[in-house]
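For reference, the structure discussed in these notes is given below.
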Amino acid sequence: MCTGGCARCLGGTLIPLAVFAVLANILLFFPGGKVVDDNSHLSDEVWYFGGILGSGVLMIFPALVFLGLQNNDCCGCCGNESCGKRFAMFTSTLFAVVGFLGAAYSFIVSAVSINKGPKCFMTNNTWGYPFHDGDYLNDQALWSKCEEPRDVVPWNLTLFSILLVIGGIQMVLCAIQVINGLLGTLCGDCQCCGCCGGDRPV
């Protein structure tokens, strides 16, 4: 597959992943599917906006760049037929790095939150974090330590797990584009388009 075509495929995959990440992060503001009375009762990691910023906003820009690569004109520099395409592929590599860092941020925030557990109203009538070092992951009986919001443990665990998986997939896809972009920069795309007037190799 041409490097431009590969990038377009990656971009088309990143867009829905970014949308799902944003939606998952938004749902975290409604623990157990309910509106909280006090925002301070939400887990700290929810406010880090891992899904909205990391896997969402910072992923949209690279995805759009990747999608536009296949149609990019390859006649851009002083009459050199491959220069424009190579520069576009190099630029996509930089955007892929940005996307990778955003996905990594979301991945780390999600992993920390899963290990830490949700903030909830505990049996001692205070709000806090009753779990330690992910102990609740292997012992569902510990979930009873959280009295309110109802079902906050499975809610947070499910949504942060989704963000963890999405972040991991996005990191892999962006890493692939870094390699793909470098190959496109060094070797050129498999064909020349636009003002170059034909399907000549570069």
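Here the Cβ of each residue, glycine as well, is placed from N, Cα and C on the backbone.
Features reported for this protein in Swiss-Prot:
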type: TOPO_DOM; residues: 1-9; note: topological domain 'Cytoplasmic'
type: TRANSMEM; residues: 10-30; note: transmembrane segment
type: TOPO_DOM; residues: 31-48; note: topological domain 'Extracellular'
type: TRANSMEM; residues: 49-69; note: transmembrane segment
type: TOPO_DOM; residues: 70-93; note: topological domain 'Cytoplasmic'
type: TRANSMEM; residues: 94-114; note: transmembrane segment
type: TOPO_DOM; residues: 115-158; note: topological domain 'Extracellular'
type: CARBOHYD; residues: Asn156; note: N-linked glycosylation site
type: TRANSMEM; residues: 159-179; note: transmembrane segment
type: TOPO_DOM; residues: 180-202; note: topological domain 'Cytoplasmic'
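Of the ranges 10-30, 49-69, 94-114, the one with the most Cβ pairs under 8 Å to the transmembrane segment (159-179) is 94-114. DSSP assignment over the topological domain 'Extracellular' (115-158) gives 18 helix, 8 strand, 18 coil. Under 8 Å from some Cβ of the topological domain 'Extracellular' (31-48) lie the Cβ atoms of residues 25, 109-110, 112-113, 116, 118-121, 127, 129, 149-152, 155-156, 160, all in the same chain and six or more residues away from its ends. Assigned with DSSP, the residues of the topological domain 'Extracellular' (31-48) fall into helix, strand and coil as follows: 11 helix, 0 strand, 7 coil. Within the chain carrying the topological domain 'Extracellular' (115-158), a Cβ under 8 angstroms from the stretch's Cβ atoms is held by residues 27-28, 31-34, 36, 40-45, all 6 or more beyond its ends. Mean model confidence for the topological domain 'Extracellular' (31-48) is a pLDDT of 92.
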